[in-house]
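Following: one structure in structure tokens, then a few remarks.
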């Protein structure tokens, strides 16, 4: 209760100092925060993320990552042996899908209400009102589940003010998400268009055992549906496993698995990617140089992602590993299966996040109850470091860090006669401690890596299979971004956890198929006659 | 951009249906269908521009009721951005495939077409993008002030520009007249957006206090 009471000043203060906060928040904040702030913020969110994630993620996550690599490894062993590639032996784990699940969620920085004030509404789109989004754990490989959460944690606030505050999250957050998603897609599309390797059919993953080289259309459709069913069931199993593990607090296991999976991703996949790119451009590189490059890249990546590092570098690494994972998916998923899987993943995401008994929702709620942070390694955080401007707060309100979630807050809110919001998630307000220099709260948006991956898979597939048409790729790109905007808007409206995949993927799929079949002949004919519309 | 894309989708749908109705027969009917498709597409584009304007207006008003303190972006800025979005999408869609083809091996005009195919495409794309920007400004301003004549002029000039492209191999007339229209539209948009000869002079001579270079001069 005391913590809640201590929270009170923070909450009360926020309406009183809206001017100070919204005014050039980022500029002022960044100026003061500097790098250490960023690191602290990152570390803190990292700690939070980590705890939450460790709780949330079942061991399969790392296994998922490993499993994903295993799939690749196995495949390489089988089909690659003929190409003279090394056999990789890893433990198979189905956690890959789950990892995929976990990774797809749009996460909001846990921002106490004043932070809402802080973000001045920017941008030109009125629709872009993003509320606070709660971070959800997402591991790299858990693309699907956790990553797709978008929740807006709403700290207790008077409702009108809250509306304003949440709507004051303007286009700035949207842009902060647009840039990394765009970068990831650009990397994937550039690679697809230039490196032949990723469009060659060299076999399939063990999770999609049915081939698509069948004579009849019906058979092919059936095979792709079966592939999807297998994939989705593996994902569901992994997610449930994850939830169970989280409930039983097998943190060390999860942590170790996470590290292993990111190791795999950073070293092995990078090595393969680099090899293929060098082959495409016919650049000779000797093994010592290659070893040095890959080693440096991987080591710095591990440090940045799992520990501390400059925010920009961490973001860059997360984008790169998402792109690498997406490329793997693009290469090893057969065409029709890929589209059906994308659709099914969106549906699953919707179900898992919104249903009361959905695994991801339970995961998030458990994490919130335990007030644990989300592991930063699996979530892209576009955090703006914000130094607490609430100088009036009692430094002893550092106890707020240990403030348990909803019950206390709501009690405290009720005790002050404030309406307690029927929010699913109440963000902890750890950022409120009055220590200005150390406590920096991240006021950014966190998007799960799985979202990145699946967006990139969609756009990459469009680039790879859309008869080489750039129009299709661009149409899918715009559709996905608009879907992201809409999802953020819905988040502002509903203020609860929302999956980030469905709308974007739906738009993307609609636009892919319609552009490929309807728009392309039209535009081609126009271009050949040089008519302009 | 998204709205332009949706309008393109609808217009291609229309054209596709028209084509399948006539069973893909070759001959002059294809050309007529194409022309019809182009004109319908222009109409749909302008319609979507109007829809977008309505949407922005509603969102702007909604935002104002919720948050009276914050200054929403001005309608002029939104007009510029919407025009830019339309223009970029339209330009990119028209040009990017040609661009990627131009990188590949080949000879331009080997079958008797004009060897300036790419140049013409490039210039036309440029002028279309700029025209969309100007049209956006004029259009939104006309909607704001309820001057429906502006909307009509925008629609007509758009149709005119598209129709000019029908005389495709005669690049000279095509390009020159389109550029002329663009300059006219640009001047009109400039005055619509609140510029004037005086402000232009101030800007060019770096005497405008709000402009960037003012301090450097003095």
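The backbone N, Cα and C atoms fix where each Cβ goes, and this holds for glycine too.
Remember, it's a predicted structure, so these values are computed and weren't measured experimentally.
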Students should find that the transmembrane segment stretch in TrEMBL, chosen from A:117-135, A:136-154, A:155-173, A:174-192, is A:174-192
State the residue range annotated as transmembrane segment by TrEMBL; the candidates are A:92-114, A:253-275, A:368-390, A:391-413. A:253-275
Does the transmembrane segment (A:174-192) reach the transmembrane segment (A:500-519) with at least 3 CB pairs under 8 A, where each pair is 6 or more residues apart? no
Proximity verdict for the transmembrane segment (A:474-494) and the transmembrane segment (A:312-330), three or more C-beta pairs under 8 Å: no
